[in-house]
Amino acid sequence: MEDSDSAAKQLGLAEAAAVAAAAAVAAAAAAAAESEAEEPVLSRDEDSEEDADSEAERETRRVTAVAVMAAESGHMDMGTEALPSPDEAAAAAAFAEVTTVTVANVGSSADNVFTTSVANAASISGHVLSGRTALQIGDSLNTEKATLIVVHTDGSIVETTGLKGPAAPLTPGPQSPPTPLAPGQEKGGTKYNWDPSVYDSELPVRCRNISGTLYKSRLGSGGRGRCIKQGENWYSPTEFEAMAGRASSKDWKRSIRYAGRPLQCLIQDGILNPHAASCTCAACCDDMTLSGPVRLFVPYKRRKKENELPTTPVKKDSPKNITLLPATAATTFTVTPSGQITTSGALTFDRASTVEATAVISESPAQGDVFAGATVQEAGVQPPCRVGHPEPHYPGYQDSCQIAPFPEAALPTSHPKIVLTSLPALAVPPSTPTKAVSPTVVSGLEMSEHRSWLYLEEMVNSLLNTAQQLKTLFEQAKQASSCREAAVTQARMQVDAERKEQSCVNCGREAMSECTGCHKVNYCSTFCQRKDWKDHQHVCGQSASVTVQADDVHVEESVIEKVAV
């Protein structure tokens, strides 16, 4: 009985030690997560090493064993030692018990629930324990990395490196089903990776060193709608920003942060829906008894700049082919868009030929630009003779002249030159191959040439007559312009003189009246006349007396009668 009682007590101590060890594992994971959250800035080498480790471990999908052992130095293993036999366990039952905790990575990223099985591996004589207890470590534990942890029963941790992600406190009991995802939390639905608590109705926010709680149901347009509670007071996002000392920024969406990111990120992912400035709902009016329509904020879409290049590909210019017809062999000039000219075949040009050729340009998408009738020396056209005939000899128009070939120095192959000439009467492409030219055709060409010279002479004469007429008209217009300018100048001088005569003597303005005594001084008003009268009265009286003396009438003595008094 005493052995059984002591074994039962040891069993109770072992179970208590297992629960305490599991709690220590969770506390160690939480401490590691907090240390990583407080120090998000890592060196470049550490980031690269952790990324490499996480990728390698995702591919292998390992299962890591976590061993929780007693404080005795003889059992300080990393989980590789075999479990003790029943006799050894009975001898060491008074000191410690070995418990194995297995943490398995979960393949699905949507289900972040870890289940931990704690099994009593030690055996006591006469009592074999086969019970299993399920523990839930946390819903949001990161599955990227998990390593071996050795925890003593006294709570001290031997190794906690490599465990990433926050962990919730251990909750002994049956395994709970995973928490369903909120709407919009599906994979690929948001731009940023958010914690599930972001879908709560209340969010802890911060602006500089001031923290508050944002209530989504009371969010308005930013300037209106007191949705942030700080202490016992309610503030709108703009007021909360100003209280934190960021009023000059005037951008509460980037000043106020949640989980290290500005609220603009929540708005972009559709988690927060601010109202428009013209909204008249209850939240914007700060009166929950109202029921006005809700107008959501619509972000402004920037227009594309006008100077942006079009998205359609630029059409490349196809090279143009220039064919000289007629010729002995088909010869093609290819003009590339860069301006380079390439030829195919050999050409022989007549430098001194005077054949009346016609340049015809035809628009064809396949062949390009075709010039027909160039001064190309053909096989049927002979060089001019040395007797004195300037015209070349054609087949069927032979005479007794001896045709001498060109000397080698005068051959056009050394300095080739293309001469294109055109006539108004012959600007037609040849429809048939070149045939023998008859004498009537040659005479017709000579007549057409003479007619064209006459036409050019008449045109030059008409141009000369027109130029002479234009010169005469130019001289007449020049004389008329000078006369008009002289008349305008004379009229202007007369007007200026009249203005000077009729100006007020006192102030210089335009005069409206004149002095009734002498009729020589003008005034604009009675005020100027009274002001100038002190000086003018002497001049006005003298001129009147002089006028009277000049008007005296002399009477002869014979006419005067003596009157007795």
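Heads up, the Cβ atoms here are built off N, Cα and C, so glycines get one too.
Database features (Swiss-Prot):
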type: COMPBIAS; residues: 169-181; note: compositional bias 'Pro residues'
type: MOD_RES; residues: THR171; note: phosphothreonine
type: MOD_RES; residues: SER176; note: phosphoserine
type: MOD_RES; residues: THR179; note: phosphothreonine
type: REGION; residues: 403-478; note: region 'Interaction with LMO4'
type: MOD_RES; residues: THR432; note: phosphothreonine
type: MOD_RES; residues: SER443; note: phosphoserine
type: MOD_RES; residues: SER448; note: phosphoserine
type: ZN_FING; residues: 504-540; note: zinc finger
type: BINDING; residues: CYS504, CYS507, CYS524, CYS528; note: Zn(2+) 1 binding site
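Here the features listed in Swiss-Prot are painted onto the structure.
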residue : record                : Cβ within 10 Å
SER443  : phosphoserine         : 10
SER448  : phosphoserine         : 15
CYS504  : Zn(2+) 1 binding site : 19
CYS507  : Zn(2+) 1 binding site : 15
CYS524  : Zn(2+) 1 binding site : 19
CYS528  : Zn(2+) 1 binding site : 20
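Under DSSP, CYS524 (Zn(2+) 1 binding site) is assigned to coil, being neither helix nor strand in the three-state scheme. Same-chain neighbours of the Zn(2+) 1 site beyond CYS504, CYS507, CYS524, CYS528, judged by a C-beta within 8 angstroms of the site's C-beta center, are, in sequence order, SER503, VAL505, ASN506, GLY508, ARG509, ALA511, TYR523, SER525, PHE527.
Distance noted between the C-alpha atoms of CYS507 (Zn(2+) 1 binding site) and SER443 (phosphoserine) is 95 Å. A Cα-Cα distance of 101 Å separates SER443 (phosphoserine) from CYS528 (Zn(2+) 1 binding site). For the region 'Interaction with LMO4' (403-478), the model's average pLDDT works out to 68.
Within 10 Å (C-alpha to C-alpha) of SER448 (phosphoserine) lies none of the binding-site residues CYS504, CYS524, CYS528.
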